[in-house]
Every structure is written in C-alpha cells, then in structure tokens.
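Before any comments, here is the structure.
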Amino acid sequence: MPPSPPRPPKFPGSGRPESPNWGVWVMVLLIVGVLAFGFFTPESFGLGPRKENLESFEAQYKAGRVVLNDPKAPVEVVLSENGSEGVIHALVYRKEIQPKVEMTPFALTYSMSLPDRDKPLLNELSGYRVVESPYRTEEGKNVSLIPEGAQKLSVPEFNRLALEGRIAGGKDGIILAEDGNQNVLVGQIVTRIWPAATGDASVDKQRFERVEVPFTLEFQGDRVKQLLGPDTKFKRESGSWGGILLNLLPIVLILVILFFMFRAQSGGARGAMSFGKSRARLISPDKNKVTFKDVAGISEAKEEVWELVEFLRNPEKFRDLGATIPRGVLMVGAPGTGKTLLARAIAGESNASFYSISGSDFVEMFVGVGASRVRDMFEQAKRTAPSLIFIDEIDAVGRQRGYGMGGGNDEREQTLNALLVEMDGFENNSNVIVIAATNRADILDPALLRPGRFDRQVVVNLPDVRGREQILQVHARKVKMAPGVSFERIARGTSGFSGAQLANLVNEAALLAARKGLKEITEAELEEARDKVSWGRERRSLAINERGRRITAVHEAGHAICLLKTPHSEPLHRVTIVPRGGALGMTMWLPSDDKMHQLRSEMLDQLVVAMGGRCAEQIVFGDVTSGATGDIKSATNLARRMVCEFGMSEKLGLIEYGEHQGEVYIARDLGTRSRNYSESTAELIDSEVRFLVDSAYERAMAILTENRDKLDILTEALMEFETLEGSQVMDILEYGEMKNPPARVTPPPMPSEVEEQPGKDDSGHNEKKEAEETRADGAEERKMEEELEQAERAPFSYNPVDEFGKDGGEKK
C-alpha cells in the first residue's frame, strides 16, 4: 500500500477571501466621534440654541420679542449645581417677524409720599413730559388730561409694563402732572399682536428661535429677577441619568478606542502587545513562484537541499533504510551567492509549511522577548508539521556565547539558549526542519553547529565559469536577448562575480539597451554593463586637456605591451583612455578560465604588467607622474604576499610571516595585533619585496625599450580612437598597423544636452542650416589646430611641473 501523502498545510489566502477588518474601521469611527464631540458642538453647525448676552436679551425683552405666555416654551432660568451661574432659556421671534401694534390709554395716580422702591419706574421710560396740572383749559373750561375709557393702573402693573417695554415713551406719549400731594401719569399702553404658533415645526422654525443667555448670579441675578419679575423661579440642573451619561460619554468612547487599539495590535504578528509572538511569515506556494529551475551555478548545494524536499515528499524511502532527515541545514557562503534564493526554491518545491524569519527579528529592547518568540515560532511549526523554518542571517542571534562587551548575561544569549533547546532539547521536534543562512559561520556558537542541531553545512561558493554562464542564461530568460549572444564570453570576463552581481549585470544591460532605443539586448550591452558593474560608468564629460589624454594613453599603452609580451599573462581584452569610475584609463584582460592556483611565474608577469605604465612614462617623457599610484600599491601588495604568505622567497623560505588578517570579531579579538617576526626579518622581508618589484621594473623597461616604435604607434591610436580591442593592439605589435581599425563611436548625449528639434523660428531663420554651418566651421578650425599641434610636437618635450605640482600631486 503506497504511503499517504502528507497533509497539505493551510496557507493564507487559500480559503475564502478575507473579510474586511471591521475592528479597525470601528476604531477609526470612534476616534472621529470623540474628536467631533470634543471640538464641535451643535451650535457650530447652527443646530442648537443661539447664545446671547444679557444686554441683548433685555433689549429684545423690552421690544416684546420674547415669547412669555406660551406653555409649551416658557421662559426658564436654570442655575448650575454650585449656584454661581445660570442660563436663561427662552423662545424669541426672529428679526424678520414683525407684530401688529395696538394702543390703549392708561392713567396712574400715586402718592408722592411713597418710598422710592414703590414709585413708578420712570427711568425705564424713554422720556416723558411734566405739566403743572392734570387739567388743561379748552374754550374757558378745565378739561382732564385723563382720556375717557383710560385703563386704571397700579404702580406694580405700570412697572411691569415698563420693564416689558409696553409703555409708549417720548415727551408726547407720557405726561406727568402734579395734583396736590399726588402725581398723575397719563400715556399709552402698547399691545403687540404676534403670529401664534401653528404646531407645524417647519413653519414655527421660520418664526421662532431658541436663545440661551448665560449670567452670573452674584452680579446679574437681581437684574434678571427685575427683568423677568419677582415671581421668576430659579431651578437647579437636575442630576438625571441622561446628564450623567452625557458627561460620561467621552470617557466611555476613549475606553472603547483603547480596547480596540490593544486588540488590533495584539492580533497581528507585529503588534505592540504581542512582543513575545513570533514574527515568522508562512510562505504560500501560490505567491512563491521560485523553483529549483530558477537556481543555477550551485549544483552541489542544490543536491544537498534536494534531499529535504524528497524526504518531505516520500519519507518512507528513507525510513525503510533507517535513515533520518537532517534536523537542520546551515547554508554558508559569501553575500549574493544565492542562499536565500535556494531557500525560496525549497519553499516552492516542498508541500510542507514553510516559515521565514530574519535573525534580527528575535532581538528586541525588552528582556525575554527573543526567547519567547523562538518558543512561539516552534509551537506554530509543530501545529502545521511537517514544516520548514528558514532563519536568514542567523549570525544576528547565533553568535558565540560568553564573549563581547556585554558579558555572559546578554539578551541575545537567552534567545540562543531557547533556540538550542527547541532544535534539540528534551522534546523531540523531528517534524520541524530548520534551515539557516549566514556568511559569518566562524562566529557562530559551537553548540549550534553540533550534529543534532545543524547536522549539515552546505557551502554555497561563488560560481565558476560554467556556473556563471548558467546563471546568465537563467536571468536572460526574463529579458529580450538578441540571438547569438555568447554568454560563455561574458562569463569568462566576470570572474569572482556572485549570482546577485550577474543578475544586476543583466538588468544594467537591459537599461543600457532601453537608453539606446534598442529592441533587444546585444553582447555589446552585456560587455558595457560588465565594465560598468566592475569599474564604474564612463565619464566622458570629465574635462581632460590634450596633454592629460596623452599621458594616459602612454601609460595604458605600456600596460598593454607588457601584457602581450609576457608569456604567462592573461589574454588582452581591451585598452581604453576613457575615464571610468575612479580611473583615467584602463587595460583589461579576459581570463580563459577560472584559475584555482597561480604560478610564481604568473605572479612575476603580473608585477611586470603593473610596472609597464610607469616605465612607459619614463621612456617617453623622461619623467614620471603620479598616475601609477594604484599600480605601485597593487604590485607592492602582491610582492609582499609572495614573500610572507606564499613562501616564494629563497632567502626567507617556506614560512608565513605576519598574523593572518581574518574576520574581525570583537568576541575573539580584543587585543592589539603584533608581528610574529623580528626586526631583522622585517628588514629582509622589505628587501625581498623591493627586489621583486625592482626586477619587474627592469623587465618592463627592457620590453618597452625594445618595442619603442610600437609604443608610439599604440599611443597615437589610443589618442585617435580612445578604445582598442585586444586583437587590434596585437595587429599593431605584429604588423605596425591595425587591419580592422575601430569606428569612432559618438557617445549618447546627456539628458541635459538634449535640445529641441531645430527648425525655423518666427523670424524665418533656418536653425538647422545655421547649426550645420557652425559645425563645419568648427571642424575646420579643429583640423587647423591639430596640424599646428603636430608641427609643434616634434620633438615632444614634457615638464611634469607644468601639469603636476612639484610634489607630484595634481595641480589645482
């Protein structure tokens, strides 16, 4: 009976579509509600009562615009709980509503002996006229000023009408007459007839509006009582449940918001309340399209990890033989060699749950968080077993314990202890396989590397020439590549490139082709991209005068001739005097294959090639420049390694001198470095290094002196064409001329140099024709200048002080 396949895991997004996060929306709405409640009131939108001061309300009260006798909307005075403040709630007529006015005569008789508080409030009137008698003489008869049918008023009634503004003021409206010990007031009572409430809310809203009049009881209480009458009742705010709930509403909203915030943050893997939760991400095969077909150049590493995939697919094949799958696989290699890509391919090929996490995700500022995340990660992996856990950059958490400035009680060490226990502790987690990647395996803790934890170490090296060719072919599938492109040639010229650098090379070639307007990527774009990735972009805009270009041409010609005349050197690929990166010129060679070993004779020829530029300057100019700084440095380093590391000195023998400069790791190297040889040995080392460099200089001088005519021809060719291929340089050395000279390549214009299409302007001038005439004149002038220059150049003399300072530095 065939074994049943493992249960496929449940990946995110494989089931029903996720429902929207209602908690987040509720939280947002609650926040908006609290802000609206705190910063906005109904009055802000014109929905609540209108606020008025006491003076304005008093004026409306006297004008009769305050509704007084409506039982549905009575005038109320509400005091605060402490009784120091109050608010008048009233209904008033809008300004556009005008009443119908009727006049009724009145008469008031009162004793002059009354106290002032009981006398009429004449000050509330706008004016009155005083006469001596309540009678007037008409046709010889005394006629009373009190009209017939006049309403008799008492003093309180008069005062009330005066406060309500219902006494018609003015000198002609009120007459005050003295009658013995009595005073008589005669005037008109104003009766305003307002439109009554209809009961229709829309109609009444157009007639009335509510107002609130705040006042202080201590200073304005008596005035309010006098205005509204002595029978005015003051009531305090009631502590009803509605008011209490209204006051508690902001607090309740804030608590609800905090609840949803903590719930939302604790629900995610990166929530603020989930410090101890694992940040491992479950990789879905629907989203991960990388397979082993996308991984090239590391065949041995693919075979090592393929066993994991095969075991997960068919475990009985291994169990029948008693074999167990490795508990952990550690992938070690330089940056960019494809360790993470290999892990993604495992995730794409296997049917098991695949968790991915970075080593830095375990370490936080809080104590115990890292260990808690390790335990939670393995708990998740056990629930979906069989499963794979990929830890990228494990050196962030797996450094050797007991070292460093933090001592032995570091938070990172607690995390590492938890990881060690989970991988191979008291409990058996055979269904959880850990895959880790690092480029610093030398600093990992030994307990992490022992069998039972990381049983297998897979070394992912830099690809060889065949591997680089395969990697280029993989990345070329993603772009439009022209037919006939030799990936083998590009692979030979990219020795030491990692997979990531090769991917970047193909992408740069695609960008160059797009910049040139090409439909396909040719080999020329790949080579140009290779040069750009290795040494930088061409700097044709660098301002170099004719003398500086000639110095560079002589220097590079010396390198090229020495490269071709030394038997153990690599084949010449290209010579250029176009500035690129930090160099003013460059001589490039193309290795036939990757060399795992280097002979002493090959190193000696490298020293000769390095000295070729300085020797050419000495031969042609009779002096030297500072342009050979990098050559001298590289030659000195190579010669010192030959003496101190490779044992290629007869006088010093097969002994390594000097401490090996490995990876700097503070937990293993806290002291200062010291030499392991004496001063006399140091002098002998220096003499041997000097001997190797001087011997190479003499060989280079002899080669260039013998080929002086070829040096001049190659220099002139570089001055004319700027860049020469290796075959063209070989033609010059063999035949004295090039059989297939290169075409003059015009570099593409910079974006800032792109001008508008020439044409005719408004004045009728033909700009295109004028531009062509200007270019022709300029070409003729340049030709005349070159002829004069050639006449002055024979014989050529050069003084380095003109171009460089006396100390050899570049002239500013």
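Any Cβ shown, glycine's included, is placed from N, Cα and C.
Swiss-Prot annotates His555, His559 as Zn(2+)-binding residues; of Asp605, Asp623, Asp631, the candidate listed for that same site is Asp631. Residues near His555 (Zn(2+) binding site) in space but far in sequence (CB under 8 A, at least 6 apart, same chain), listed by position: Gly585, Gly613, Arg614, Ala616, Glu617, Thr625, Gly627, Ala628. Annotation for the binding-site residues Gly333, Pro335, Gly338: lowest Cβ count within 10 Å of the residue's own Cβ, Pro335.
With a 10 A radius on its CB, His559 (Zn(2+) binding site) counts 28 other CB atoms from all the protein chains. Within the set of binding-site residues Gly336, Lys339, Thr340, the entry lying nearest in space to Asp631 (Zn(2+) binding site) is Gly336 (CA atoms). Geometry remark: Gly333 (ATP binding site) versus His559 (Zn(2+) binding site), CA distance 35 Å. Excluding His555, His559, Asp631, which define the Zn(2+) site, the same chain contributes Glu556, Gly558, Gly585, Thr587, Ala610, Gly612, Gly613, Arg614, Ala616, Gly627, Ala628 within 8 Å (Cβ to the Cβ centroid), listed in sequence order.
Within 10 Å of the C-beta of Thr340 (ATP binding site) there are 17 other C-beta atoms, taking all protein chains into account.
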